[in-house]
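First comes the structure, then the notes that go with it.
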């Protein structure tokens, strides 16, 4: 159907009209035509290349999610149950390829929703989103702006949740007084730098040097680390470095004899880091992404279905591949499924409207749609976020902290640093 | 078949081509068309014997210039594309002063360093270059109608026709340059530089000329890309893409005008369509690399050598047939 529409020239109106007709037909009495029907969901993220660690494990998690949902009867819309199928496109973290992928997923595969990593790739996709009205999700709310009405950030408010780790450190290890930071100089690194600077300032931790921004093409981290630890800091902050950087930096910190505290947004494949360094060296490494076999995820506040079972299944199929995003895209699908079932339709407009009614069932607890001040639009779902530390070689949740509470107290600091790095939505060119 | 009819058939095929493709393949066709100009312009530089690692960054200079001219000064998009090419050529002239004090391997490394400096400048100066995030919301080519065809530049088919005309015109200019006395001098500078110098040829001036012309056309290709995708950032013009350009040129071969174009077309179709359709999406770097190694091992003169063999065989076959009539 979509191909017929687009042959005569695709507009947002014709696309939405077609989805509305589909949605209306779903409500016809006795029209139980859904048997054997499938809803396709697009997965548009890097599956190869340097950023693949934030795409591929997410797709693997989604396959498990789809099997679980299909086994439980699928997605129940107005006209019956639909099975769900993921269609992926490797955008290689390239905006041009992301545009091609979005075109394929919408106009050829007929997907109802597209999940992205976001970042550099979103601006390439935005014209396609504007033209088609397709609902997209991103893991990076810094993609949000008043122009991105069909883009939501329901899984994580990167990098704002990083404040919770610093806040926890300051409360639990008050002897840590000084910090240094490094980050790759790109769309992921810079907003995170601003966030950590705000968090350190709020916590009364002194920055000994300007954040060290390295080129994403860097492969030798020895000089980076040498400069970082030359001022003898209590804390080395690895910002939101890709796992391809976190590993060699941690290795260099170990080899150059750093004994202090390390904090990072992610510690994907931390078992490999322990293997390259030592269990003692990695003890107390603080980051933000838990393993889902953590007992703390069995609480009533957690909305992610059977996190322990999901983690076990993931590790059976993809041993050693669990990472920050393994559960995130699946958790977005939980939200999407709930919204589609509430709306009785998979139409992008209907799902988006249903999703934003009231509180959102975020993986780590009920959360609010938020973001006008930072992103110019309330399309980010914000609530509690876990602080994770490595203990005896295993990641363990130490606490859940409220991001909105921190922002209510220190939001002005975050805005100040975001502005200094030109990261506010109205500063992005 | 007369040559004219062959060209008419090729033109008809190129016009019909997008209508036989899926939407995503049409998108790939647009990027392929732009990359054809990029790699063909790169070959012009290699005629003088120098291989640059800054060509993709120079493409980026064209992209950034054109984007900024439209965003900041409101310049009409087609004019800004042309100016993007001009700025890229001027930057190349500036770079030629330090770079052409070097030759061969030293030039290669020097060009890489020069390119990285430009990329770092884009990152460092958030105003006007947008820093690491680059520039987004770049004005698209304005839609227009030519009576029988409405150009809607969101649609890949429309942009393919637009870019196709520009690229074809640029390729014709590049071809004319190569076949002109200037082009022959480029060859002389490559193969007989001492002799050329002894004959009064200003070798450095000709190298600079080739670098500037190649960069100008690379700049136009960058501008075409920027106004289609709507966003550019420094990482989009990094060494990864440069490696692709080198691969297209090496696998295709640089002895003929069409060699690098052939390499670009074959490898892009293989990487972006065939391997994806075969379900080898996540194994593409592996398969692509293996095919590249095999082609270099078994086709050391590039894909163009296959075409040359075929055309020679045809010529050899048709020669005895003609002889009785003669």
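Cβ atoms here come from the backbone N, Cα and C positions, even for glycine.
Automatic prediction, not curation, is the source of TrEMBL annotations.
Owing to the predicted nature of the structure, the values given are computational and were not obtained by experimental measurement.
What TrEMBL records for this protein:
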{"type": "TRANSMEM", "residues": "B:28-45", "note": "transmembrane segment"}
{"type": "TRANSMEM", "residues": "B:52-69", "note": "transmembrane segment"}
{"type": "TRANSMEM", "residues": "B:75-97", "note": "transmembrane segment"}
{"type": "TRANSMEM", "residues": "B:104-122", "note": "transmembrane segment"}
{"type": "TRANSMEM", "residues": "B:158-175", "note": "transmembrane segment"}
{"type": "TRANSMEM", "residues": "B:209-229", "note": "transmembrane segment"}
{"type": "TRANSMEM", "residues": "B:241-274", "note": "transmembrane segment"}
{"type": "TRANSMEM", "residues": "B:286-303", "note": "transmembrane segment"}
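Most Cβ pairs within less than 8 Å of the transmembrane segment (B:158-175), among stretches B:28-45, B:52-69, B:104-122, B:209-229, B:241-274, belong to B:28-45. Between the transmembrane segment (B:209-229) and the transmembrane segment (B:286-303) there are fewer than 3 Cβ pairs closer than 8 Å, counting only pairs 6 or more residues apart in sequence, which means the two stretches are not in contact. If you count C-beta pairs under 8 angstroms between the transmembrane segment (B:52-69) and each of B:28-45, B:75-97, B:104-122, B:241-274, B:286-303, the highest count goes to B:75-97. Per-stretch counts of Cβ pairs under 8 Å to the transmembrane segment (B:28-45) identify B:241-274 as the leading one among B:75-97, B:104-122, B:241-274. Outside the transmembrane segment (B:286-303), and at least 6 residues removed from its termini, the chain residues within Cβ reach (under 8 Å) are 247, 250-255, 259, 262-263, 266-267, 270-271, 275, 280. Sequence-distant contacts of the transmembrane segment (B:104-122) (same chain, at least 6 residues past either end, Cβ-Cβ under 8 Å): 49-54, 56-58, 60-61, 64, 91, 95, 98, 129-131, 134, 234, 237-239, 242.
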